[in-house]
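Notes follow the structure.
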Amino acid sequence: MNMITTNFTVTEFVFLGLSSQPKMQLILFIMFLFFYLLTVVGNIIIITVIQIETRLQTPMYFFLTNLSFLDICYTSTDVPQMLSNMMGRKKTIPFPRCATQMYFSLSLGMTECVLLGVMAYDRYVAICHPLHYTVIMNQRTCVQLAGISWASSFLSSTVINIFTLSLPYCGPNVLDHFFCEVPSILRLACTDTSFTEMVVFIFTIIIVFIPFLLIVVSYARILLTVLRMRSASGRHKALSTCGSHLTVVALFYGTGIFMYMRPQSKTSRAGGKIIAVFYTVITPMLNPLIYSLRNQDVKGALRRALEKQRT
């Protein structure tokens, strides 16, 4: 720890945020506050419905519960700080708090990548090996897969943050971003960051790209299995359970890979902030909407829960 702290001469960072115009900041504050509240409420509803509806006590919805809880934590790591900066005069964050935010934001983002890969594997087993599904995806296996998703991501984030925070930061301290994120912090280091960028790239391949390959392979096998089905209703049911997951994967992975698997020199700062908005704000907000609107089981459970409230 002493090795890391001796490299700190910057005591705080100043956020430039998404806009410097007061009127635009007010508009963005209202918009992102609405997005944040919708994210928290929507995901709490998904978790509650899954817990009270016995028909949803399956591996698929166990992982969806993990995803909803994860999205609440993920967006709560970054958005409150962004809202505070938009309305406050002092748009700063102390170095230790910045390091903490960076660690948890990266950890939770990586966890979502691995968890989406696990959810794709769950759909593969359910559709391609339906007779063995309950045996393969038993409760113990589901808990182990969820635990591996969380543990491997937090461990990887620890390594990346150690390398990032070991660099000297002697100024400037103006952060062209709305929260503390590894790519934006590395730009402010007072030394060559090539090795650290390589470390980030390697762990991105392990935690992000390998689960993405698992998703691609799983859905390739699912597609082949669905095409062999003789029943049109069977094909529709199989594809409908995968549609929500594929939509979430496309949104989260598309922006995450674009941000973390490109050299820092080729990343536009303005473009980087817009991309970050998608995977830190938009995707966690859309997840409960996607899974409720495109999933017949969840819609049915919500309908039954509302009917019970009325009676």
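For all residues, glycine too, the Cβ spot is worked out from N, Cα and C.
In TrEMBL, annotation is done automatically, which means it is predicted and not curated.
The annotation domain 'G-protein coupled receptors family 1 profile' is assigned in TrEMBL to 42-291. Taken from TrEMBL, the feature transmembrane segment applies to 26-49, 61-83, 103-121, 142-163, 198-217, 238-261, 273-293.
Of the Cβ pairs linking the transmembrane segment (142-163) with the transmembrane segment (61-83) and spaced 6 or more residues apart, 3 or more are under 8 Å, so the two regions touch.
Same-chain residues lying 6 or more positions outside the transmembrane segment (103-121) and placing a CB less than 8 Å from one of its CB atoms are 60, 63-64, 66-67, 70-71, 73-74, 77-78, 145-146, 148-150, 152-154, 156-158, 160-161, 179-182, 207-208, 210-212, 214-215, 218-219, 245, 248-249, 252-253, 256, 279-280.
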